[in-house]
Amino acid sequence: MAPRRGGSSGSSSGGSISSCPGAFSTTIEQVYFASDVLFLAIFFGITIALCSFRKSGAGKKLIGVPYIIALVFFLLTYILSVISTVLQQCGTIGYYDYFNWAIAITVFAFLGYWLLLFVVVYTLNSMLRAQTGHRPVVFKIVTLAIVVLMGILTCTLIGMQSYNNWTQTEAGYDTNADAIIWETARFRVAYYALYMLSVLASGALALITIISQDLIGWVIALTFVMFFWSMLLLVLVAQSLQDDALEWEASAALTYLINLGQALAFIFLLCIAKHAAWSAPTVADPAYVGDAYVGAAEPKQYDHNATPGQVYYYQQAPVYNGAANPMIHPVR
């Protein structure tokens, strides 16, 4: 779920949908909504592929419960984004109501991020260690420490961004709650930086452990796409702390690339799980393992034009920017 923009809570001139005059009347709205619809279809296709996958074989653990829940959360995020955008464009939901949707999107998006990281860092590395026939305790400790730390940080960030969104609901306004904009922005930068480093650490551990030449390429590809989309999110969030905002065309391009990277991560995990290498006999002799190994050794952003009637947002995890929209980088 990378940055994508939706529509407005009010009506505008022109019309693109007969039942909703003025809906999706600008190029920005159309481009970001198209991103949501496109990747919703892609993730739905991944879900169908998962359902058709034979739930047997040594690789099935990789696409077990954590993978399935992560995929469901990504789907829910896209579904909620599409629905909230359409309702907003048609004027069915008001300005304050939208931020309630943004809270739900925040929760599902970041839980999906963490569960995907859990599968890549812990589940995959555990399976690779099991394939060697020996399981160094230090590897297990490192991978567990990574996912536990990122889990704590994920819950913290969910709380901060949900609070910011809540301050923009009717209840938040009634209590005169103050949003923590800059604090959340800085925390997000640290979060994505650690997420990216966790992916790199996972890739390094996997390459040290792996004994199947055929799996090396897939693991490298998985590490690359995970690093790629998390790095782009880091750049996008860090840029929001600067005085100069990105042009919407640049933000849209990053949106599509981030969404693509996340989709490819799920696809590569599915391909790795189906790989024949998991059916090969495990190696119990550490000396043999050393000989066999050849090689070395990872809501939408929201933008607001300061006009209460017009809200643009991205689909990555929401965050309040101090104005009217819940899901853009905080503060401009």
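Glycine residues also receive a Cβ, built from the backbone N, Cα and C atoms like all the rest.
TrEMBL annotations: computationally assigned, not manually curated.
Annotated features in TrEMBL:
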- 31-53: transmembrane segment (TRANSMEM)
- 65-87: transmembrane segment (TRANSMEM)
- 99-125: transmembrane segment (TRANSMEM)
- 137-160: transmembrane segment (TRANSMEM)
- 189-208: transmembrane segment (TRANSMEM)
- 215-238: transmembrane segment (TRANSMEM)
- 250-272: transmembrane segment (TRANSMEM)
Folded-back contacts onto the transmembrane segment (65-87), same chain, C-beta under 8 angstroms, at least six residues removed: 1, 4, 6-7, 20, 23, 33, 36-37, 39-40, 43-44, 46-47, 50, 93, 98, 101-102, 104-105, 108-109, 111-112, 115-116, 118-119, 123, 262, 266, 269, 299-300, 315
Region pair the transmembrane segment (189-208) / the transmembrane segment (99-125), three or more CB pairs under 8 Å: yes
Contact set, same chain, for the transmembrane segment (215-238): CB under 8 Å, 6 or more residues outside the stretch: 2-3, 116-117, 120, 124, 128, 185, 188-189, 192-193, 195-196, 199-200, 202-203, 206-207, 246, 251, 254, 257-258, 260-262, 264-265, 268-269, 271-272, 275, 277, 295, 298, 301, 316, 329
